[in-house]
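Engineer: The structure is given below, and queries will be raised subsequently.
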Amino acid sequence: MNKYSIYVDHTLLKPDASLDEIHNLCEEAEENEFYSVCINPCFIKVAKHYLLETPVKICTVVGFPLGANTTETKVFETRNAIALGADEIDMVININQLKSANREYCLQEINEVKKACSDKVLKVIVETALLDQEQKEFAARIILESDADFIKTSTGFAKEGAKLEDIILWKQILGDAKQIKAAGGIKNLDDFKAFIDAGATRIGTSSAIKILNNQ
């Protein structure tokens, strides 16, 4: 096993992903001992079958990719995903409410979804490409105050993905109280290592095989 494998959420979230591609994703995750596969909810059940009796976790997305669903919808999505077999939930926060610094709304949404997660892991996607510096700091402080397990940079569908300076900023605010997932645009081993060194404990990427083979 590559020493970096355990950091990887092996990701396939494109809207036209096929069953064959999901099968291949799961095989790669098992062979390379990645931490999880990150897939759309419609594939949870089949991925659970492919990964039966392996340690690979199943991560899925909620409120994805815009975050504009109601909290009630996100709670339903979360419960449904876990019933299907998801181990981790990557939920897109309501971006408008976050940018408006609506602390009460953001906290309530995160905590309601975490309650629906029960003992499963909740990562909150804040879409850094749409935030200014003050909003990024606010996002980290909301996560620190909330019941979430992780803050996550990006959906991979915005104009930019993870930036090293954001991981450094969040690590300063969060310390070891919450974990950080860097995702979006991570394509080479040097960047992968830099994000880990800066404090990320999980990397979401669709390029994990190439990255860890240093291609």
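Positions of Cβ are set from backbone N, Cα and C atoms, glycine also.
Taken from Swiss-Prot, the feature active site, proton donor/acceptor applies to Asp90, Lys181. The active site, schiff-base intermediate with acetaldehyde annotation in Swiss-Prot covers Lys152.
Have a look at these and tell me how they're positioned relative to everything else.
Structural biologist: Around Asp90 (active site, proton donor/acceptor), the same-chain residues six or more apart in sequence whose CB sits under 8 Å from its CB are Cys38, Cys59, Thr60, Val61, Val62, Phe64, Lys123, Ile125, Lys152, Lys181, Gly204, listed in sequence order. Asp90 (active site, proton donor/acceptor) falls within a strand segment according to DSSP.
Packing around Lys181 (active site, proton donor/acceptor) is summarised by its Cβ count: 27 other Cβ atoms lie within 10 angstroms of its Cβ, all protein chains included. Secondary structure at Lys181 (active site, proton donor/acceptor), as computed by DSSP, is strand.
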